[in-house]
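Marked as active site, proton acceptor by Swiss-Prot: Asp159. What Swiss-Prot lists as ATP binding site is Leu36, Gly37, Ser38, Gly39, Ser40, Phe41, Gly42, Thr43, Val44, Lys62. According to Swiss-Prot, the feature compositional bias 'Acidic residues' maps to 452-463. Taken from Swiss-Prot, the feature domain 'Protein kinase' covers 30-288.
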Amino acid sequence: MLKFQETAKCVGRRPTVIPMYPTALIARRYVLQQKLGSGSFGTVYLVSDKKAKPGEELKVLKEISVGELNPNETVQANVEAQLLSRLHHPAIVRFHASFMEQETFCIITEYCEGRDLDYRIQEYKEAGKVFAENQIVEWFIQLLLGVDYMHERRILHRDLKSKNIFLKNNLLKIGDFGVSRLLMGSCELATTLTGTPHYMSPEALKHQGYDAKSDIWSLACILYEMCCLDHAFAGSSFLSVVLNIVEGKTPSLPDRYPRELNTIMERMLNKSPSLRPSAADILKAPYMEEQLQLLMCKYPEMTLEDKNSVCQKEAAHTINAVQKKLHLQTLQALSDTQKTTPRERMWLRKLQAADERARRLKKIAEENYKENDKRMQALRSRNVGSVHAHVLHELDERTLESLPEPQSLPCLDLDELEPSLEDTIVDLGHYEIPEDPLVAEQYYSDVFDSCSEDSEEQEEEMIFSEAGGDTKEEESPSVYRTNQQDSDTAALVGCLEHVLGYTSLDTKTITNAVTDMSPGPMVFNSAVARTKMKRMKESAVQKLGMETFEEVYDYLKRARHQNAREAEIWEHLETVVPRASDCFEVDQLLYFEELLLTMEGKEPSLQNLPCEAAQKKPVKGTHFCDNP
């Protein structure tokens with residue numbers, strides 16, 4: 001029987017060369033080199049940074065179209081940029097900048113020359129080779145460190161898989177935060193219909209929510225894939241994969257791998273989220289602590305400055321960044337500002353300073369008016385009901401004595417006001433503008449600002465704060481963030497030292513003595529579900545064509561309603577399309593349609609969604625095999 005294989009995304013595969021225009025620049029500094037593929041909701045390119053240091057020119061540009069969004073709609077891609085800008089860890093893809101370019105939102109990240117982990121796994125599989133045990137454990141530790149770093153800062157990845165993990169200098173880096181979101185409030189769950197089925201946890205498939213333990217499940221699937229070069233939960237169709245995950249037996253590693261490593265993986269694949277260990281718990285296990293010590297001996301001796309951990313403060317920074325409503329108009333205004341020359345930026349700052357000065361003067365005048373009016377009201381209330389004139393006269397004298405002497409406001413001289421306006425927001429310096437054009441251009445470059453990534457990020461943060469209505473707090477240094485001269489290896493050593501610092505004091509074994517506190521069904525967001533199903537349908541139509549899609553859709557719907565056998569379904573699909581696996585998205589679309597009807601309390605059109613296992617034994621707790 002034909003086995004289902006996940007649709008390739010091209011990321012990490014052989015790059016596709018796109019037409020080049022050497023004179024065309026993106027954001028006046030990035031030159032397109034190659035198209036690398038497609039991410040969660042954007043196209044990825046390899047670019048060359050003309051303003052980068054020697055040896056650091058190559059970077060990755062993710063381009064997300066926002067042309068269809070209304071001006072008041074929040075740009076979801078900005079969430080990914082905000083998250084990446086707060087994450088500084090050797091096991092996480094480094095963020096450089098983000099900006100608007102016409103009708104697209106662009107994110108610049110570091111370039112990983114080793115492509116993605118899925119490409120490396122397929123490469124070894126085709127060559128008939130397997131990864132060495134020490135290499136797998138080293139990569140597994142790197143992923144644990146990265147996931148623990150994210151979870152400490154209350155960030156979920158939500159789409160961990162081998163295609164979203166990249167290699168740079170043989171170090172693994174977690175990327176593609178396109179569907180990431182924060183754990184908000186006391187209910188630390190986030191419902192989702194996203195994710196690759198091979199890596200999705202049972203609670204996510206049963207729509208019971210997604211939390212940090214769901215990332216742990218996905219990480220265990222990646223560990224199995226590195227060891228066995230195959231998916232932990234396979235199947236010929238979407239539903240068979242789902243049933244295997246929800247009701248199937250927990251897979252085990254081959255005997256050539258340590259029993260302790262297999263035990264850890266099995267605990268990570270526990271059907272109950274509360275019984276799965278966290279990334280920090282796994283790093284504290286005796287076997288992992290031993291591997292951490294061996295890994296420390298492997299790397300050369302390096303020294304890093306000791307810094308205190310500030311996880312709580314960084315989590316607050318990240319929550320504030322994502323809670324801000326950054327709209328399309330704000331991003332476009334930022335893009336226009338970045339394209340201006342230093343001279344134009346100077347005049348913009350002068351205008352902003354003048355507006356700020358005017359607002360301050362207006363506020364002072366209003367406060368003085370209110371204070372004077374209050375005093376007049378007090379005088380009138382004292383004089384009401386006075387019978388004798390001499391009493392009124394005495395009250396007036398006492399009141400005048402108690403009042404402070406009036407202070408006159410000086411007249412504003414425009415000649416004196418102009419220089420004060422310039423100093424209100426930004427200090428432009430006490431230099432005269434040179435008359436020579438070349439010297440003047442250098443003056444503008446030195447005094448005002450430059451077009452470097454640092455200056456652009458500072459201006460971006462200023463606009464973010466204006467749009468969000470709050471000010472940016474001073475960031476504290478992180479234990480994982482190192483100086484620019486420190487390599488990823490040096491930063492990784494710092495992470496290992498940090499982990500070993502507390503594992504030696506707090507070592508414990510992963511146990512099953514945890515009470516099962518599985519969460520119940522969560523609130524269903526039908527609008528989000530319909531949007532994702534619409535995109536899923538568009539992708540299937542683009543792949544199969546409208547006529548073929550309708551034929552496959554109608555057949556699968558009838559076949560599922562009649563409880564047809566999987567073998568019969570796939571045999572018929574092979575007569576309609578060249579590869580039956582191309583119909584996976586149609587099958588997935590039908591599943592989500594029935595799930596949506598069930599969650600909305602409507603009668604599903606498919607009374608019994610078919611699968612051979614479901615005919616023998618209904619799956620408890622799932623919406624696709626039990627009638628509502």
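We number each residue from 1, going along the chain as drawn.
In case you wondered, yes, glycine gets a Cβ from its N, Cα and C as well.
It should be emphasised that the depicted structure is a prediction, and the values quoted were computed from it without experimental measurement.
Under DSSP, Leu36 (ATP binding site) is assigned to a strand (E or B) in the three-state scheme.
When the Cα atoms are compared, Leu36 (ATP binding site) and Asp159 (active site, proton acceptor) turn out to be 19 Å apart. The number of other Cβ atoms within 10 Å of the Cβ belonging to Ser38 (ATP binding site), over all protein chains shown, comes to 13. Here the residue listed as 'active site, proton acceptor' is positioned 15 angstrom away from Ser38 (ATP binding site), judged by their C-alpha atoms. Residue density at Val44 (ATP binding site): 23 other Cβ atoms are found within 10 A of its Cβ, drawing on all protein chains shown. Neighbour density for Leu36 (ATP binding site): within 10 A of its CB lie 24 other CB atoms from the protein chains shown. Asp159 (active site, proton acceptor) and Gly42 (ATP binding site) are 15 Å apart (CA-CA, integer value).
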